[in-house]
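Data first, discussion second: the structure below is written as structure tokens.
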Amino acid sequence: MSLIIGLGVILVLIILYLIFRVSNLVTIAKGTKTDEERSDSSNSLNAALFIIFMVVSLGVFFWYSFEYFEDYTLPIASVHGAWTDTLFWITMGVTVVAFSIISIIMFVFIYQYRYKEGRKAKFYPDNHYLELAWTIIPAIVLAVLIFTGLRAWNDITAPASEQAEVIELVAQQFAWTARYPGVKDNKLGGYNFRLIDAVNEFGLDLTDKNTFDDFKSLELHIPKGKEVLLRIRAKDVLHSVYLPHFRVKMDAVPGMTTLFKFTATKTTQEMRDELGNPSFNYELACAEICGRGHFSMRMPVVVDEPEAYEQWKKGQEAWLKQNPDYLKKVPAALQEAAMIKSGMQKDPGATVAEIGK
Amino acid sequence: MATTDIHIQHDVHHHDDHSHDEHHEGNFWTTYIFSQDHKTIAKQFLITGIFWALVGGTLSVIFRLQLGFPDMNLEWLKPILGGWITPEGKLDPEFYLALVTMHGTIMVFFVLTAGLSGTFSNFLIPLQVGARDMASGFLNMLSYWFFFLSSMVMLVSFFLETGPAAGGWTVYPPLSALPQAIKGSGMGMTLWLVSMALFIVSSLLGSINYITTVINMRTHGMSFTRLPLTIWAFFFTAIIGVLSFPVLFSAALLLIFDRSFGTSFYLSDIFIGGEALPHTGGSPILFQHLFWFLGHPEVYIVLLPALGISSEIIATNSRKPIFGYKAMIGSMLFIAILSFIVWAHHMFVTGMNPFLGSIFMLLTLIIAVPSAVKIFNYVTTLWKGNIRFTPGMLFSIGLVSFFLTGGITGIFLGNSAIDIQLHDTYFVVAHFHLVMGSASFFGMLAGIYHWFPKMFGRMMNAKLGYLHFWCTFIGVYLVFFPMHYIGIAGFPRRYYSWTNFETFSGFADLNMLVSIAAIVTLSAQFIFLFNFFYSMFRGRLAPANPWNATTLEWTTPRNPQHGNWPGEIPSVYRWPYDYSKPGAKDDFIPQTIPYSETPESNLPHENELIKLETSNGHGAIIVEGKH
Ligand code: HEM
Ligand SMILES: [Cu+2]
Ligand SMILES: [Cu+2]
């Protein structure tokens with residue numbers, strides 16, 4: 001079968017070659033044209049093709065861009081996402097106007113000034129006013145874009161507020177894990193990469209009492225309308241936290257914690273209603289090449305109403321409670337507190353909760 | 001001594017050197033293999049570059065099959081790819097990454113750096129500045145053979161059990177440092193590093209030669225302000241290369257230490273494969289800074305020669321002087337300088353200090369200004385021209401179009417706030433393929449079509465050239481333009497498949513279109529290959545100056561021998577863009593015609609220069625003081 005296809009291809013190639021040879025010989029037999037004549041005939045064709053190309057391609061570009069707008073734009077679900085998208089579309093407006101004007105002028109010149117026998121090109125080596133103008137105008141336009149961009153960037157990267165909801169995201173080949181500070185102390189406990197093992201995947205340092213109520217989640221839950229600060233780290237290689245609907249992207253770097261703060265504006269349910277798609281889910285993807293499973297490093301993301309979010313947090317079991325074996329790593333003096341904070345033991349009363357402080 | 005005339009008396013040091021070699025007959029080895037002649041070395045770079053372009057293109061089509069037709073059974077590739085095809089007839093995901101990595105490395109370094117600069121800097125610098133050869137033919141030869149060695153090492157890495165490097169062409173550690181992390185980071189990565197080290201040596205040898213030749217070996221009258229823009233472009237490119245490649249070398253060296261000798265330059269706090277590694281204190285971000293300190297200038301190393309080539313071709317075929325010669329040089333200079341201080345725009349969201357992000361955003365958008373100036377100058381050059389669409393001209397116009405389309409999207413990516421979303425999506429893939437990949441590729445093709453007559457003494461078939469152009473021009477837009485939409489929709493790059501994500505589940509249609517267009521575009525290159533090799537042996541014999549161009553290379557015989565000019569090297573009296581000068585008989589005046597012979601077309605200040613020409617009897621004494 002593949003032999004037949006192969007032979008067929010070879011046959012076609014031979015035929016093409018023969019056609020080429022024959023047409024070549026025919027031109028020679030007809031007498032060699034001078035270069036000028038030759039360029040005269042094909043020249044107009046090429047010039048015309050450029051005009052056709054311009055009209056068709058600009059036409060398709062504008063048609064597709066408007067017609068399929070909904071398909072290639074992602075809905076926005078964060079506060080800063082609205083700013084950056086506005087910047088994006090402002091830049092789009094400015095550049096598409098510039099692009100269209102320059103393209104049209106260029107292709108029209110190409111067509112209009114195609115070779116004509118006897119015409120002489122204009123000797124026009126420079127014009128300083130013109131050059132000055134088209135240096136200064138783009139510079140001004142770019143300056144405006146830069147300054148709007150800078151303001152947004154500074155706001156986005158400014159330190160998070162004290163009240164921000166802190167969540168740790170840990171990347172590894174090829175999965176994401178989230179760690180929440182726990183409702184009792186609302187503080188993330190310490191960790192050390194040397195303490196990581198098959199079970200203690202965060203490398204939790206259980207001598208730190210703040211770890212006791214920390215809990216793990218394979219789904220990223222975030223509250224709507226409250227600032228969230230992601231503390232991002234990686235265990236093995238680079239990864240990148242990418243939350244497309246929230247316009248969030250930040251690399252996960254081994255040996256260095258990175259931060260990104262944002263505020264979600266629509267719960268999962270609201271987004272489902274808005275899109276009319278009851279099975280819609282937010283997702284977290286990896287955006288930095290990290291190996292074989294890079295393309296499958298997905299984490300489901302859920303945005304809850306703040307009350308539902310608090311409810312969800314309360315319902316989660318502390319990591320220590322799920323892995324009671326690790327209680328032996330807790331210093332003797334803190335054992336009791338660990339049992340209480342992790343929820344392994346009923347809290348005898350408010351006073352006991354204070355022991356840890 | 002063939003040149004015993006007055007010439008030597010005032011310029012001994014760079015005129016008599018090679019002339020005695022003219023009739024020197026080498027054997028096969030010294031003529032074709034270990035040749036020190038710049039023209040032969042240029043052809044060696046060209047042929048090797050074409051080979052790698054085919055390899056790189058084929059790799060991209062293979063992974064485009066995966067992206068465009070995710071359900072296709074690739075069993076039929078088994079004879080070539082063997083174990084890289086899974087039993088289900090799919091591409092192995094790790095091999096997908098290896099393909100992407102090799103494709104990027106090959107295209108950027110082997111095709112568009114060595115294949116483009118290597119070919120045209122070597123071929124054109126001596127011919128256009130009026131020299132018998134490069135400053136050092138021997139180093140030039142070494143430069144090619146280091147490149148050859150480098151590409152052989154890379155080629156060998158394809159046949160390793162564990163496959164070639166697979167961490168992306170940017171080879172970010174820790175992924176590239178840890179064989180536990182991906183198979184390609186084993187021997188494949190070692191060979192990648194060795195290959196790149198050899199490549200850097202090759203590139204430096206070449207660049208030093210180009211710089212020296214341009215500075216020291218210009219013929220009489222060839223002042224810097226009379227250099228064609230091609231030479232200016234090659235000159236800046238070489239300087240950028242000399243300053244930036246050593247940084248890549250040190251980046252690679254430290255990576256080698258981390259990989260093999262247990263140092264921790266880039267590694268810290270790593271737990272992989274069930275154990276914690278001893279490394280502490282290193283920073284993966286450091287590698288990124290070092291890499292992009294080369295990586296960004298590299299973009300201009302790839303692009304500037306192409307811009308130089310197209311400037312020359314557009315002026316010649318519009319029959320007009322290039323508009324704003326000085327502005328073109330100025331913008332290239334400005335781009336060359338700025339290219340060193342924008343690197344961190346590739347790192348806005350790597351965890352780098354956001355304040356640095358602000359600075360680099362500012363610098364990046366500044367670089368857009370000289371780029372815009374270049375486009376305006378091209379367009380104005382076309383205005384009121386008398387344009388001949390030779391294949392070279394078509395590809396140059398294509399280049400300007402890609403440079404515009406791809407450059408525009410740079411304004412989005414340079415804006416750090418917007419880049420948060422676009423970084424590492426297909427928007428970036430679309431951007432750099434147009435502005436750097438396709439534009440430079442078209443510059444290379446334009447150069448081949450334009451200088452083929454000088455390289456091989458024969459003409460390429462123009463009709464096939466037109467066909468090749470239109471297939472490729474439209475094909476490239478069909479491949480890369482849709483990627484903008486896919487990118488705006490958020491699709492991440494270096495993904496083997498998107499089906500794991502609901503968010504990225506659309507656009508099967510566009511992805512299929514892109515893949516089909518890629519296959520067609522690649523196939524169209526065979527038209528070129530046929531034309532190229534056929535014309536080399538059977539093309540119409542080329543006239544000495546087929547395009548009626550003004551520059552020096554067209555004053556050589558049809559097949560310039562070693563030493564380039566049979567007699568003495570011609571002197572230069574004017575700039576290279578006297579096209580369609582008012583009053584002149586022809587629509588071009590070669591650089592070798594003195595003003596004293598063209599009183600009818602001289603501008604007032606040029607009449608002044610006649611005195612200098614004649615008072616000297618012969619060679620023009622250079623006003624700008626070269627002695
Ligand atoms: C037939 C023409 C080409 C096609 C179809 C093509 C296609 C692609 C695609 C789809 C990717 C992204 C793959 C991914 O991220 O998963 C890619 C990556 C890349 N391409 Fe091309 N490309 C072509 C020509 C070129 C040329 C001429 C260059 C020269 C600059 C180039 C340089 C690169 C680079 C540097 C990468 C990035 C590699 C990486 O991510 O490590 N490509 N190509
Ligand atoms: Cu990844
Ligand atoms: Cu860059």
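Glycine residues also receive a Cβ, built from the backbone N, Cα and C atoms like all the rest.
TrEMBL: automatically predicted annotations, no manual curation.
Given the ranges B:1-20, B:21-40, the record in TrEMBL names B:1-20 as region 'Disordered'.
With a cut-off of 8 Å between Cβ atoms, the residues of this chain six or more beyond the transmembrane segment (B:189-211) that come close are 105, 109-110, 113-114, 117-118, 121-122, 125, 134-136, 139-140, 142-147, 149-151, 153-154, 156-157, 160, 164-165, 167, 171, 176, 179, 234-235, 237-239, 241-242, 245-246, 248-249, 252-253, 255-256, 259. Counted over residue pairs separated by six or more positions, the transmembrane segment (B:512-534) shares at least 3 Cβ pairs under 8 angstroms with the transmembrane segment (B:45-67), which defines the two as touching. Most Cβ pairs under 8 Å to the transmembrane segment (B:426-452), among the stretches B:95-125, B:327-349, B:394-414, B:464-492, belong to B:394-414. Contact between the transmembrane segment (B:394-414) and the transmembrane segment (B:299-315) is present: at least three CB pairs lie under 8 Å, with pairs separated by 6 or more positions in sequence.
Listed as Cβ neighbours of the transmembrane segment (B:137-160) (distance under 8 Å, sequence separation of 6 or more from its ends, same chain) are residues 34-38, 41, 44-45, 48, 52, 102, 105-106, 110, 114, 118, 122, 186-188, 191-192, 194-199, 201-203, 205-206, 208-209. Remote same-chain residues near the transmembrane segment (B:464-492) are listed as 389-391, 394-395, 398, 401-402, 405, 409, 421-422, 424-430, 433-434, 438, 442, 445, 449, 498, 503-504, 506-507, 510-511, 513-514, 517-518, 520-521, 524-525, 527-528, 530-531 (criterion: CB distance under 8 Å, separation of at least six residues from the stretch ends). If you take every residue in the domain 'Cytochrome oxidase subunit I profile' (B:23-573) and average the pLDDT, you get 93.
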